[in-house]
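The structure appears right after this line, and notes come after that.
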Amino acid sequence: MATAQSNSPRVFCIGTADTKFDELRFLSEHVRSSLNSFSNKSSFKVGVTVVDVSTSRKETNSCADFDFVPSKDVLSCYARGEGTVGRFPDIRGQAIAIMNKALETFLSKANGEQNLAGVIGLGGSGGTSLLSSAFRSLPIGIPKVIISTVASGQTESYIGTSDLVLFPSVVDICGINNVSKVVLSNAGAAFAGMVIGRLESSKEHSITNGKFTVGVTMFGVTTPCVNAVKERLVKEGYETLVFHATGVGGRAMEDLVRGGFIQGVLDITTTEVADYVVGGVMACDSSRFDAILEKKIPLVLSVGALDMVNFGPKTTIPPEFQQRKIHQHNEQVSLMHTTVGENKKFAAFIAEKLNKASSSVCVCLPEKGVSALDAPGKDFYDPEATSCLTHELQMLLENNERCQVKVYPYHINDVEFANALVDSFLEMSPKSGHVECQTAESKSIQGIQNVNAVLEKYPSCNGKNFSRLNDFPNAKPETLQKRIVILQKLKDQISKGKPIIGAGAGTGISAKFEEAGGVDLIVLYNSGRFRMAGRGSLAGLLPFADANAIVLEMANEVLPVVKEVAVLAGVCATDPFRRMDNFLKQLESVGFCGVQNFPTVGLFDGNFRQNLEETGMGYGLEVEMIATAHRMGLLTTPYAFCPDEAVAMAEAGADIIVAHMGLTTSGSIGAKTAVSLEESVTCVQAIADATHRINPDAIVLCHGGPISSPEEAAYVLKRTTGVHGFYGASSMERLPVEQAITATVQQYKSISME
């Protein structure tokens, strides 16, 4: 897939090439032309990739001179059980559903691992359905456009709460004609403008707003309360986003919470819960409040408008409710008063959610009414029902330091109650409304700017290893700075003719004295623990323990005793129970400055290795892990066992390629089968040559097999070019321990007693 090799900002033009190839190509050409035109005055150069999402058996393998992703590559992202789907079912609806899920995964991966700058597609009703939910899964702010035949009338099912833009196609998307040319050209130009505009504005405004943003829910019957709350929050320095509690409003607010646009919530009007429980037309769903609680942001909750359920015109109210107390808000909206029994159900729903919270929550309850209609002389005034609601919540909620329940002798629309809401919120939120808060969609661009600042600090670092800004969209400046300093030191050593020496460590004492000996790099991985327990290194590839958990345990032992030398983590990239992006962040936070791919499937061969590759547990996962780590600014030093693997790792951005010659042969538990020392020279050279064809600046080290002593390392280094040193694991700690302890004990045993 061509896009995998490019880390520059990139847009995807997506459609079904089997039925709309000409239209997709025309759109892609105009997107590229507009991007090039707009980019003349921009520092960003944006690439275009065409993505085929066809579900027929007709294969398309290219589209003019564009980078192209065939449908089979998108389909490979669809996981079902333990395998993948190799072909689509004959039923069109099922095929579209599968491709939709595959595309969603494909875009999610692209957004996480590349600089995805935007997506644009075209289609009829089926194509729009296929594209829209996948597009909606991307963060708000990333341009997302569909030219569609159904871009009119009821479009909520396509757009949801996202910022997806639908362009009416006017005519059917069936060939290029005078009308479709105009529509596709304009849509392509508008999309290109969104992309460049976002990239440029993000350079200047990467922090979305200096103000802490608060989401507030409102209904017409709680407007006085919300207006007073909003006015007070603005005076306190906060920005407010008000959402009409219509079902869609609550979902929109929680989507913005997930995206990082909202940092606190005053959920004053929770009436959507009533519609959900009873069956109204403005209902939330079962996930209401989940995003707020998962993000652990300040939440103040009240019971606004929980005295009513919403329906359309009076004639649409279900027959079983026709005898209930109904208030006709207008010709299109009818409100039904809730009962004591229903209020108990609302309280149970809310309490069940909030009792699971692991962050601070405050529930504020007004005793004298929950809406403008719940007041003396108004249609829904019912002190018994209101009292039941508030008392039920007090009884069900776990009132403790984490969850506070406060009851006030006010009506919800009294200014005193509004002030009490804000006071409770201020107790939980930052003292100042001014904070640095990034949205999900702006983080990658902010990362590039931070990287730029670091790289400007090191102007002498002008090789490929240092200067490609777009390689580091997810890098923290401090992480990237460590990487650059380490690589610069290594480059300085190489320029002075000194070898780079890396070492594996399985214990704190090994690492401590490797550093004392002057080693340049230390790598921790599970086989080090097994080696120092008297077992062979291959134990680290067998199901004896959790390899990644062992590395985290070893960090506590090793990192405190190593003072200056870079310490890297050996990562089992094929681990099916860890999300690699999250695990790498965990390693970074612990204190590791880089990673290596170990345990590695490279040590397997034959049918077993082939089966691993065929079942999605192959070396490619290790390449992906290294690429992800590289984008985070971590130092990457992967093992490669052949030239092809070296090429893949170099293209992934690896800083140091370690040419692995197999299990070390020396010592009491070393291997007996390996290449000869002479053969290893040829193998190491081939790996070095392949690496340098991709990245001439990459560092190459030799390792393993017959290379188990300083003499053997010197033999290889003197007979190769472009190989800069040696990395030892068994040879650095197991063999010295075997030899030193054996010799020391023998010396003691040789003491004469005469």
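Each residue, glycine too, has its Cβ placed from N, Cα and C.
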Same ATP site per Swiss-Prot - residue from Thr49, Thr55, Thr161, Thr213 joining Asp18, Thr19, Lys20, Arg92, Gly124, Ser125, Gly126, Gly127: Thr55
Averaged pLDDT score, the region 'N-terminal inhibitory domain NC' (211-431): 94
Nonlocal residues around Lys20 (ATP binding site), in sequence order (Cβ under 8 Å, 6 or more apart): Leu122, Gly123, Gly127, Ile173
Most crowded position, judged by CB atoms within 10 A, among Asp18, Arg92, Ser125, Gly127 as binding-site residues: Gly127
